[in-house]
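What TrEMBL records for this protein:
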TRANSMEM  12-33  transmembrane segment
TRANSMEM  54-77  transmembrane segment
TRANSMEM  120-139  transmembrane segment
TRANSMEM  176-201  transmembrane segment
TRANSMEM  207-225  transmembrane segment
TRANSMEM  258-278  transmembrane segment
TRANSMEM  298-321  transmembrane segment
TRANSMEM  333-356  transmembrane segment
Amino acid sequence: MGNLTTTADVPFGPFLAGLAAWALLRLILEGLVHYLNPEFFEDLKLDIRKRYDLYFGVWLGTLFKIVSLLSCSAAVLTTPAETDIAGLVRPLKTAEQWCWGCRAVIFVQEMPHIQSIPELLVHHMLSIASMLGILAWRLPRRQMYLMWASLLSEFVTNARMLLRMHGRMGPAVAKWFSLIMAVMIVGFRMTGVVVAMLWSFRSGTSGLALFVNVGGMVIYMAYMVKMTFWELERAGMLSFDMVKPAVLVVANRWRVSLFGVMLGAGFLATEASALFVYQASQGGVNSAVEVHDIVRAFLQVAAAGLFGSYVTAPTMRLFVVSGGTEGGKYPKLCLPGGLLAASTTLLYSPAIAASISRVHFLASVVVSLPLL
């Protein structure tokens with residue numbers, strides 16, 4: 001603990017070295033492409049912004065992302081959780097410096113090359129803002145290292161863009177790229193966000209800093225879900241049939257109720273919000289066991305709520321005659337019955353861990369219900 005400091009350690013060295021390396025490699029790559037394929041080089045120059053700059057930006061980004069992947073992975077493994085807590089600033093180790101410096105170079109230098117892709121431009125601006133926020137508020141850094149180390153899908157994206165610009169992207173190849181992208185987003189990026197979110201709750205961060213930190217991760221997760229749907233749609237694995245009731249068609253075989261999908265997403269959002277509100281009311285969650293108990297309690301409450309709403313739905317037909325639709329159909333779930341069953345389970349079930357404040361947790365769930 002003797003090596004702790006009170007000032008932020010900004011990785012100027014790796015950042016400046018990266019900027020210089022980016023400019024030098026750009027000149028080398030331009031020369032190689034001009035020498036090896038002059039016709040393609042001239043074709044790129046016909047559209048400087050959307051083709052020329054983007055092409056070399058993708059190549060340079062790929063090279064720098066290799067360094068970023070290695071350094072950020074090392075940073076995750078070498079940064080102890082015991083000292084990575086809110087308000088405590090440690091000197092950046094070598095792996096951390098190269099991880100921060102490399103990602104900063106990527107975000108800054110890619111922005112001129114991705115002006116034709118507004119979503120990527122916004123993503124890079126928000127990423128830079130989050131980096132500055134972590135340094136300014138002295139927030140824990142391990143979750144950021146983990147999220148950067150899980151960006152394996154970036155290599156698939158870059159490879160697809162390069163093949164498309166070279167005219168080598170046929171329909172069959174494009175389908176496989178979309179499937180691989182979907183798997184890697186779910187397997188690495190979304191999993192990394194979930195773990196990083198749990199680390200945030202255990203890091204001692206609270207108040208506005210925790211809200212901004214976790215809120216950013218929730219937005220990022222929502223965008224990853226959207227990207228996964230896009231990729232699966234491109235691969236022909238998902239489609240929507242909006243004829244009432246709306247359904248999600250999987251692989252042209254299975255039809256899943258869109259209401260069920262939205263209900264599941266609502267449960268996830270409500271759980272994340274309840275965990276945040278409860279953590280804030282209790283002054284922090286300090287162990288993995290405590291987080292596990294809270295998540296398990298929420299799952300029990302959610303299961304009881306669903307069961308209660310389903311069982312009490314027929315009763316509603318007797319007392320609320322106007323509850324049916326014009327076609328004579330009644331809803332299969334009753335919200336008041338579900339809330340009553342969930343509240344009763346939370347307050348009186350012996351399966352809820354003794355370490356959980358039942359009244360505070362119930363209040364946290366009630367506050368989060370609008371997300372459902």
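Just so you know, glycine gets a Cβ as well, placed from its N, Cα and C.
Given the structure is predicted, the values throughout are model-derived calculations rather than measurements.
Listed as Cβ neighbours of the transmembrane segment (120-139) (distance under 8 Å, sequence separation of 6 or more from its ends, same chain) are residues 8, 10, 86-89, 100, 103-104, 107-108, 110-111, 114, 203, 205, 209, 212-213, 216. Counting residues 6+ beyond its ends, the transmembrane segment (207-225) has Cβ neighbours under 8 Å at 86, 126, 130, 133, 137, 139, 143, 147, 185-186, 189-190, 193-194, 196-197, 200-201, 265, 269, 272, 276, 279-280 in the same chain.
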